[in-house]
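Contents: one structure, followed by commentary.
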């Protein structure tokens with residue numbers, strides 16, 4: 001019997017001296033043998049909450065990164081200067097949302113000094129960034145909804161940054177004072193979920209952690225209450241932005257109420273302190289996705305839309321592009337105006353359109369078309385006809401003398417014929433004498 005007890009003590013002694021050997025011998029399914037036990041929750045298939053939250057947070061990181069690129073790339077296409085002034089604050093909000101998704105991994109892994117310090121400090125700071133940006137946006141929306149003119153972009157961003165710096169100072173002082181006080185007391189102070197050392201950030205009680213977030217809750221409450229007056233402004237086109245903020249803050253209030261109750265009361269009542277870390281991780285992932293779905297995506301979809309004032313000016317003074325289609329449209333409009341002569345003035349056409357001396361030229365040689373001269377026409381006259389009738393004798397006519405044209409007109413020929421008929425012949429015979437019409441008697 002004594003030999004049996006001694007054998008049991010010899011076999012059990014290495015387990016007490018080397019507790020890591022027992023942990024390495026019980027690797028959860030899905031994890032490799034050489035993995036640090038700190039990261040077992042990331043691959044443990046028996047407790048799937050870590051893998052699910054890891055996938056949700058990874059999808060959120062990718063989505064937030066893509067939305068940030070889209071928002072920054074759309075800056076040259078933003079026509080409304082009032083919306084452009086909010087882009088800096090919205091990019092700052094996206095960075096805070098990206099940090100919330102990354103902080104989920106710190107809550108999934110098992111607690112140690114670094115992970116607990118990041119949880120206690122970054123949890124309040126990252127939420128303060130998001131809620132400060134929402135509060136600054138509400139501050140600008142109240143001006144825009146009433147006056148259609150808000151503060152400048154750097155003013156809005158400065159307001160969000162100053163509100164965030166307040167939480168940074170609060171968290172820094174709280175974390176330092178808590179650690180220094182715990183190390184000075186030296187007592188076995190700790191959390192109900194684990195017996196950590198006094199100076200460790202993981203030794204902070206759940207109630208103390210929630211009390212340190214009072215300023216963040218005030219930011220959330222201010223953004224929620226400030227969104228209501230923006231819905232009653234005179235300029236209705238800013239109401240939808242107020243609805244986005246109101247829906248986001250209302251969802252955040254519901255999430256915060258649930259996780260605070262579970263973190264401070266529910267887990268303790270059900271004797272399950274190991275669910276403290278999953279509670280924080282679920283709250284981070286749920287609230288970050290609420291920011292993306294209810295605020296970021298609607299704002300990105302509205303950022304490139306023009307204001308009603310710019311649309312009205314575009315209708316009054318349309319932009320004229322330089323291109324082939326524009327030239328064709330202008331020529332078509334001019335031709336339609338010229339061809340429509342229903343209400344045009346009665347003016348001579350020659351005065352409007354000067355005739356070119358080459359308008360009758362069709363590209364053919366002149367020798368191909370027979371054009372008789374005046375002498376050729378004179379020689380073709382039959383010889384038995386009276387030359388006086390064909391070529392009448394020129395007389396002293398006032399109209400002919402006053403005319404500067406050398407070409408005979410019809411009335412000149414008629415007057416010459418009548419004069420020849422009235423003059424009797426000199427020799428009494430019907431003689432035919434050729435008289436040159438260009439020589440005066």
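Cβ coordinates come from backbone N, Cα and C, glycine included.
Worth saying up front: this structure is predicted, and the values here are computed from it rather than measured.
The signal peptide annotation in Swiss-Prot covers 1-23.
Here Swiss-Prot flags 24-50 (among others) as topological domain 'Extracellular'. DSSP states for the topological domain 'Extracellular' (24-50), grouped as helix (H, G, I), strand (E, B) and coil, give 10 helix, 0 strand, 17 coil.
Swiss-Prot lists 51-71 (among others) with the feature transmembrane segment.
Same-chain residues lying 6 or more positions outside the topological domain 'Cytoplasmic' (72-85) and placing a CB less than 8 Å from one of its CB atoms are 91, 140, 144, 148-153, 156, 300, 302-307, 310. What Swiss-Prot records for 72-85 (among others) is topological domain 'Cytoplasmic', and it gives sequence analysis as the kind of evidence.
With a cut-off of 8 Å between Cβ atoms, the residues of this chain six or more beyond the transmembrane segment (86-106) that come close are 42, 53-54, 56-58, 60-61, 64-65, 67-68, 71-72, 75, 78, 115, 118-119, 122-123, 126-127, 129-130, 133-134, 136-137, 140, 153-154, 156-157, 160-161, 281, 284-285, 287-288, 291-292, 295-296, 299, 303. If you look up Swiss-Prot, you'll see 86-106 (among others) marked as transmembrane segment.
Residues or ranges marked as topological domain 'Extracellular' by Swiss-Prot on the basis of sequence analysis: 107-120 (among others). The topological domain 'Extracellular' (107-120): residue composition by secondary structure is 10 helix, 0 strand, 4 coil, according to DSSP.
Outside the transmembrane segment (121-141), and at least 6 residues removed from its termini, the chain residues within Cβ reach (under 8 Å) are 85-86, 89-90, 92-93, 95-97, 99-100, 103, 106, 150-151, 156-157, 159-161, 163-164, 166-168, 170-172, 175, 212-213, 215-216, 219-220, 222-223, 226-227, 230, 238, 241-242, 245, 248-249, 252, 280, 284, 287, 291, 295. According to Swiss-Prot, the transmembrane segment annotation covers 121-141 (among others).
The topological domain 'Cytoplasmic' annotation in Swiss-Prot covers 142-155 (among others). If you average pLDDT over the topological domain 'Cytoplasmic' (142-155) in this model, you get 86.
The transmembrane segment feature in Swiss-Prot is assigned to 156-176 (among others); the stated evidence is sequence analysis.
Feature annotation from Swiss-Prot assigns topological domain 'Extracellular' to 177-208 (among others); the stated evidence is sequence analysis.
Marked as N-linked glycosylation site by Swiss-Prot: 191.
The transmembrane segment annotation in Swiss-Prot covers 209-229 (among others) and rests on sequence analysis.
Here the topological domain 'Cytoplasmic' (230-241) has, by DSSP, the following mix of helix, strand and coil residues: 7 helix, 0 strand, 5 coil. According to Swiss-Prot, the topological domain 'Cytoplasmic' annotation covers 230-241 (among others), on the basis of sequence analysis.
Positions annotated as transmembrane segment by Swiss-Prot: 242-262 (among others).
Residues or ranges marked as topological domain 'Extracellular' by Swiss-Prot on the basis of sequence analysis: 263-279 (among others).
If you look up Swiss-Prot, you'll see 280-300 (among others) marked as transmembrane segment.
For the transmembrane segment (156-176), the residues of the chain that approach it from at least six positions outside its boundaries are 85-86, 88-89, 92, 117, 120-121, 124-125, 128-129, 132-133, 135-137, 139-140, 150, 201, 212, 215-216, 219, judged by C-beta separation under 8 angstroms.
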